[in-house]
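Let me begin by presenting the structure, written as structure tokens, before commenting on it.
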Amino acid sequence: MNELLLQGLVNGIILGTIYALIGLSLNVIFGVLRVVNFAHGEFIILGAYGAYFAQKLLGLSPFLAMPLIFLAFAAMGYGLYFVLIKRLAKSDDPEHASLLVMFGVAIALGALMLIFFEADSRSLSYTLDPPFFMFGSVIVPTAKLVALGIIVVITAVLAFFLYRTLPGKALRAIIMNRDAVQIVGVNLERMSALTFGLGLGLAGITGVLVALIFPAFSPFIGQDYTLIGFIVIVLGGLGHPVGAVVGGIIFGLTEQTALVYTSGTTATLLGFLLLIGVILVRPTGLFGREALK
Amino acid sequence: MLRIEGLRKNFGGLKALDGLDFEVPPRSILGVLGMNGSGKTTMLNCINGVYIASSGSIQLDGKELTGLKPAQIFDRGVGRTFQVPRVFSRMTLWDNLAVPLLSRSMTRAERDEIRATWLKKVHLFDLRHNYAEELSGGQQKLLELARIMVSRPKLVLLDEPFAGVNPTLSRLLIDVIRDMPGETGCSVVLVSHDLTSIYELSHDIIVMHEGRILARGDAETVQSNPDVVEAYLGA
Amino acid sequence: MENARDSRVRVMVWAGVVAALTLGFAIVPFLTDNLSFMFYMMLWIIMASAFNFVAGLAGYMPFGYVAFYGVGAYATGILYKTLEFPIPLALIGAGLTGATVGLLLAPTLRLRGVYFGIVSLALAMAAKLTISLMPADLTGGSLGLILSSANDPLAAYYAMFVVLLLLLATATWLSMSRTGTALRAIRDDQEAAAVVGVNVVSTRMKAWISAAVFPALVGGVEAWYTNAIDLESSFNLLITAKSIVYAMAGGLGYLVGPILGSGLLYGVDQLIWRQFPTLNLLLLGVIIVLLMLMLPRGIVGAFAQRFSKLRKYIP
């Protein structure tokens, strides 16, 4: 096999898992709350700044900062649920209303970061030793390998939580049928707030990983991550945890292998065309169900 | 009027309708009884084109309806209501009744008159400038019925019209439905699991069970049919 | 019949609004030096009102709305600069390009809810990337296009005025005709509308194409007014954001909603916060959130809810 293509495939899988993590957290939020988190990318970038300042001000390595950022973001999500999300349930069209509210949050959060962190790109001054591994002719930076490991662990923990623990099962039950769950007596409100916390916590972790493996970040690029996350979840099917993982890896592979042959712009365009193609054939995504209107 | 032969509908491996045959004569009310999941709503969805039947034929006055879209079937004179009322919530009642008349060639006076007539008949005329979302669930069911009737349909499909309706409105609804065939010349397919109202209104009854017709006849025949007794009373 | 009089009053209220706008914007250039303020006021009224055609009347939220604007700007630039069309023809070309893109994207209308919104956003990004991949001697590449030889702000102002008149005419047609009733029914319940005989596909196509043509025209006229076109400003997501916010603040679903919303918020936007662009962005975000939480149906919608007796008079 062509060596460049092999390198592209490896990059595709690694980036694909990051995309999958973004999609996974978006889908957990959407599945339980029917909220499309338009501000997800901004929260990711906020997580990246978290890692940056944890290192700069507290001298913490990104790996130590990660659990702290998760907890801080989860707490923020828990609180934001009561401020923003709870009241939307009563609106004419909760899904669109949530999309718009989170759109507003995205703009406001982006502007806040611009005010407090300024427009310059930042990067984490953190290097691992050795900086990269060679597998035959394929080069894999250590940071990416570590990120891959972390994502696999997080996904496994999340899968265990969703499919093997009681609160996780309750969560999936909510995804499948909100009304029935209410009758059974699950505390929907508390579960919803925890879910939003979980979603934002994961966004914070994603941010740390983004800071770790990409050369730089700035307040402007949140949108890009939101868009990637959206493509991934629509590709896989809204609200479907497995769909997000598959969608993320497909999108990562498409983008990175295309990058071997063409420019970055064309590769991104191909990613969009993939989404549009899939959605026109299967309007609810690869794993979506008809019931999701 | 309506003639259904060998109607089947499969969802994957599930046989929701497993060979239905029946007729609805002109100016009559056919009651359809059955438990949840017996295929009643699926049957209505096939007749008015929301679902495409897997096989079989649905004829209105000798003309085939299968394969047409819901809007085309409406133009042929078939109207329906939904189990959970589906009114146009952010439009006034008056505008709600305008929608089925959009494709009809009528003068403005004719349109206004028939709308007023039906709103009065279901006791909603005084609320005609309110948004439909401001009505109670029961009133929304009445509005839905009026919305169908203004288009002077030949066949009306009613899906659980009494579910969630308080006794007073339910009484009104029964009276309106009873008079419909006589006043407008339409036929009615009335789906419900409310035995009393079905017995009271229907000229003929079919009982559905697992996608098939378990029994048919007038109220007395159906009530004394051993299969029906078993299915309903679990004896 | 009592009802006929009600709808006559409503038509008269709308006629009054149309007359006031027409007269106001027609004579403004003679009264003020600040042409730019009124030019952009018209621009946002048109953008928000055309957004209302799909969002308020048909119930679709195209988050990639800016695509039509950007495509219109580039169509004007390319037709004028590269193919040497006169400006009026270039603008007509922009409108037609908008309609064509609308037709191309029409299959996405069968998606519902957030699926539609997200795919629309992806399509806007795809349109931007496609233009960036076109040969640089056509689009000006990363530098963009400069139309300085066409500079004539007053003429551009009146071009925008013509677009405004076209918009008001289209709004009148879409909302007061049978098409308007059918659209509102589709917005409230698509399936139920089909069941009572509404041709869902062709009806929403009318709203969709109308909503595609106007941003394309506006993008073209704005390019003429500023003489500059570049990818970042022509496809800036904030254009979608502002269209949505202005339309929602006034009240989706009412003709006067987006007009009122644009007038108020754009005015506030310009007069108070022009000096602080970042703070302005923050406020835009906060206003969206507050609007959705406090006034989800906008000013006109809240008024109609509060004074339900007067509702039948609001166009």
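Including glycine, each Cβ sits where the backbone N, Cα and C put it.
In TrEMBL, annotation is done automatically, which means it is predicted and not curated.
Here TrEMBL flags A:12-33 (among others) as transmembrane segment.
Taken from TrEMBL, the feature transmembrane segment covers A:40-58 (among others).
Among the features that TrEMBL reports, transmembrane segment is placed at A:64-85 (among others).
According to TrEMBL, the feature transmembrane segment maps to A:97-117 (among others).
Annotation source TrEMBL lists transmembrane segment at A:132-163 (among others).
Using a Cβ-Cβ cut-off under 8 Å and counting only residues 6 or more beyond its ends in the same chain, the transmembrane segment (A:198-221) has close neighbours at 14, 18, 21-22, 24-26, 28-29, 37, 40-41, 43-52, 62, 65-66, 69-74, 76-77, 80, 110, 113-114, 117, 119-124, 126, 141, 143-144, 146-147, 150-151, 154. What TrEMBL records for A:198-221 (among others) is transmembrane segment.
Here the transmembrane segment (A:227-251) has Cβ contacts under 8 Å with residues 12-13, 16-24, 26-28, 30-31, 36, 40-41, 155, 158-159, 162, 175, 271-272, 274-275, 278-279, 284-289, 292 of the same chain, all six or more residues outside its ends. The transmembrane segment annotation in TrEMBL covers A:227-251 (among others).
Distant neighbours of the transmembrane segment (A:258-281): 4-5, 7-8, 11, 231, 234-235, 250-251; these residues of the same chain sit at least 6 beyond its ends, with a Cβ under 8 Å from one of its Cβ atoms. Summarising the annotation, TrEMBL assigns transmembrane segment to A:258-281 (among others).
Here the transmembrane segment (A:132-163) sits apart from the transmembrane segment (A:40-58); fewer than 3 CB pairs are under 8 Å, leaving out pairs fewer than 6 apart in sequence.
Sequence-distant contacts of the transmembrane segment (A:97-117) (same chain, six or more residues past either end, CB-CB distance under 8 Å): 33-39, 41-43, 45-46, 49, 84-85, 88, 91, 219-220, 222-223, 226. Listed as Cβ neighbours of the transmembrane segment (A:40-58) (distance under 8 Å, sequence separation of 6 or more from its ends, same chain) are residues 22, 25-26, 64-66, 68-69, 72-73, 105-106, 109-110, 113, 117, 122, 124-126, 199-200, 203-208, 210-212, 217-219, 221-229. Beyond the ends of the transmembrane segment (A:64-85), by six or more residues, the same chain brings 33, 35, 43, 46-47, 50-51, 54-55, 58, 98, 101, 105, 150, 192-194, 196-205, 207-208 to within a C-beta distance below 8 angstroms of the stretch.
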